[in-house]
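Here you go, one structure.
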């Protein structure tokens, strides 16, 4: 399997490394100009949300050593200066949140990377959601996007519903856990004034492009979905509320049956299904993109339904980054 590099050792960067270890993928290099190797060891070892790393991690001779495997550490601010080739890294995960366009992310190619996977939505890079549109990938693509955690939750569910019952139109709300871009106390936040309010004190209405992005990965739904977010004071796990008008009438039990069928078949490991009395903490470190909550959804009539699906917005997403890379490697 080709070797992986990670640019940006933040929440997603560190969890992509954990996911890579779980899935037997090889990470050979990490770049982060803001933390040295000893700090990397500390941040990787201890995680307030997902718990202590269960393997071994140490700093040795300037390397980050995880489970006995040496990982080269770079400290470059400009991606063009990262010598990925020297570490053998061919697939680079761009997880700084800064270099999210083809132009900016392509600078990794100068250092020897062959492919770049942006762990965020992109304005112009082709977007992929595992279980939904991987067949649109072609080996000539140098820079791709793994979309957002919310799009990864919504798209598999929307695909099942649209394939079986036809989505005429719909609105999505994600009740979303706090992320690093928010403020611990009230502060300035550019043009997005509400986003600057204290994360621990407030339910904050916010914009999200996640629903519209589904139209990019499922062209049949282009223009049929939009949505918004509420940021809430929890550290992790979010939940999508998808309210849709259907073209083909169906009982809620029929909808549940199709989702459960998909969760055991073509979308196994991507879309989960539960009929238990769950709450958000039950999904900490869950590796699915989306877990349909059969008991939480409701229908007004046979063509108007509200569907609920949970996601670990950090770890589920990080696992999909590795899955996308593995798929790309199988085709390149």
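Cβ coordinates come from backbone N, Cα and C, glycine included.
Grabbed the feature section from Swiss-Prot, which reads as follows:
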| type | residues | note |
| --- | --- | --- |
| ACT_SITE | 149 | active site, nucleophile |
| BINDING | 11, 12, 32, 77, 313 | NAD(+) binding site |
| BINDING | 148, 149, 150, 179, 208, 209, 231 | D-glyceraldehyde 3-phosphate binding site |
| SITE | 176 | site 'Activates thiol group during catalysis' |
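I would like each feature placed in context: is it buried or exposed, what are its neighbours, and how far apart are things?
Residue 149 (active site, nucleophile) falls within a helical segment according to DSSP. Applying an 8 A CB threshold to same-chain residues 6+ apart, the list for residue 149 (active site, nucleophile) reads 238, 311, 313, 314, 316, 317.
Mapped onto three states, the DSSP output places residue 12 (NAD(+) binding site) in helix.
Look at residue 176 (site 'Activates thiol group during catalysis'): DSSP puts it in a strand.
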For residue 150 (D-glyceraldehyde 3-phosphate binding site), which of the recorded positions 11, 32, 176 has the nearest Cα in space?
176
Give me the Cα-Cα distance between residue 77 (NAD(+) binding site) and residue 209 (D-glyceraldehyde 3-phosphate binding site), rounded to a whole Å.
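Each residue's Cα considered, residue 77 (NAD(+) binding site) and residue 209 (D-glyceraldehyde 3-phosphate binding site) end up 28 Å apart.
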Can you tell me how far the Cα of residue 176 (site 'Activates thiol group during catalysis') sits from the Cα of residue 148 (D-glyceraldehyde 3-phosphate binding site), in Å?
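Per the Cα atoms, residue 176 (site 'Activates thiol group during catalysis') and residue 148 (D-glyceraldehyde 3-phosphate binding site) stand 12 Å apart.
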Please give the maximum pairwise Cα distance, in Å and rounded to a whole number, for the D-glyceraldehyde 3-phosphate-binding set 148, 149, 150, 179, 208, 209, 231.
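Farthest Cα pair among residues binding D-glyceraldehyde 3-phosphate: 16 Å.
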Using a 10 Å radius around its CB, how many other CB atoms surround residue 179 (D-glyceraldehyde 3-phosphate binding site)?
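So the Cβ neighbour count for residue 179 (D-glyceraldehyde 3-phosphate binding site) comes to 17.
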Please list, in sequence order, every residue of the chain apart from 148, 149, 150, 179, 208, 209, 231 whose Cβ lies within 8 Å of the Cβ centroid of the D-glyceraldehyde 3-phosphate site.
174, 176, 210, 229, 238, 313
